[in-house]
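Q: Pasting the relevant annotations from Swiss-Prot:
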TOPO_DOM  1-28  topological domain 'Cytoplasmic'
TOPO_DOM  50-61  topological domain 'Lumenal'
TOPO_DOM  83-101  topological domain 'Cytoplasmic'
TOPO_DOM  145-151  topological domain 'Cytoplasmic'
TOPO_DOM  220-238  topological domain 'Lumenal'
TRANSMEM  29-49  transmembrane segment
TRANSMEM  62-82  transmembrane segment
TRANSMEM  102-122  transmembrane segment
TRANSMEM  124-144  transmembrane segment
TRANSMEM  152-172  transmembrane segment
TRANSMEM  175-195  transmembrane segment
TRANSMEM  199-219  transmembrane segment
Amino acid sequence: MQFRNRFQRFMNHRAPANGRYKPTCYEHAANCYTHAFLIVPAIVGSALLHRLSDDCWEKITAWIYGMGLCALFIVSTVFHIVSWKKSHLRTVEHCFHMCDRMVIYFFIAASYAPWLNLRELGPLASHMRWFIWLMAAGGTIYVFLYHEKYKVVELFFYLTMGFSPALVVTSMNNTDGLQELACGGLIYCLGVVFFKSDGIIPFAHAIWHLFVATAAAVHYYAIWKYLYRSPTDFIRHL
């Protein structure tokens, strides 16, 4: 109780079971800035992978991954700005909140695309290249039908989609980068604690954003280091 009273201005009460948490003004600002500052680095990083691509398939993969990465931060930032400054536009806010949830599914699929597209995989793993996008489409349909109704189910879908391709990727003969992949996944999982702690921990959602940013950076590093050329090769080809 003393903790809540001390940080009352930085945190509101928990959301109802089928409702959405209402952040304080401080939390709104933190939610916006923690992802807004990552938009430009995401764009630059995506462009770098595209420039380092050797062939058409690598370029397509870099484009898919880059679009997912940039979309995550852009859509999240726009939603939090609308939620903060234009909350009276209920329909607009609701639409952007749905987009914010949907883009997570496509970001997960895009994050695995480089590993599934650019590494030699077995027959089962090759099917995962397409199945993961079917899961993303299924998640999108779920958001349309049951947005904010079954929060635990939604979280289960995110975690299932995050772990299912990992089981296939770990079966690759070339295991370079798997430690970084696992490390990033662990960071995402730890961040989920804060994702579900609005109204319990001040700035919980903004802290979740920082976990997402850190995990995404670890995964980007692994993709850049093990699936695309090194900076030395890049400079040599300029």
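If you go along the chain as it appears here, the first residue is 1 and each next one adds 1.
Placement of Cβ uses the backbone N, Cα and C atoms for every residue, glycine included.
What's the neighbourhood like for these features in this structure?
A: For the topological domain 'Lumenal' (50-61), residue counts in helix, strand and coil come to 9 helix, 0 strand, 3 coil, using DSSP.
Confidence in the topological domain 'Cytoplasmic' (83-101), given as mean pLDDT, stands at 83.
With helix defined as DSSP H, G or I and strand as E or B, the topological domain 'Cytoplasmic' (145-151) counts 3 helix, 0 strand, 4 coil.
Long-range contacts of the transmembrane segment (29-49) within its own chain (CB-CB distance under 8 A, at least 6 residues past either end) are made by residues 23, 62-63, 65-67, 69-70, 72-74, 76-77, 80-81, 83-84, 203, 205-206, 209-210, 212-213, 220, 223-224, 228, 234.
Long-range contacts of the transmembrane segment (124-144) within the same chain, counting only residues at least 6 positions beyond its ends with a Cβ under 8 Å from a Cβ of the stretch, are 98, 101-102, 104-106, 108-109, 112-113, 116-117, 153-154, 157-158, 160-161, 164-165, 168-169, 171-172.
Beyond its flanks by at least six residues, the transmembrane segment (152-172) meets 101, 104-105, 108-109, 112, 115-116, 119-122, 124-125, 128, 132, 135-136, 139, 142-143, 146, 178, 181-182, 185, 188-189, 192, 195-196 of its own chain at Cβ-Cβ distances under 8 Å.
Same-chain residues lying 6 or more positions outside the transmembrane segment (175-195) and placing a CB less than 8 Å from one of its CB atoms are 115, 155, 159, 162-163, 166, 169, 201, 204-205, 207-208, 210-212, 214-216, 218-219, 221-223, 225-227.
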Q: Using a Cβ cut-off of under 8 Å, list the residues of the same chain at least 6 residues beyond the topological domain 'Cytoplasmic' (83-101) that approach it.
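A: Distant contacts of the topological domain 'Cytoplasmic' (83-101): 20, 23, 25, 28-29, 31-32, 75-76, 143-144, 147, 154.
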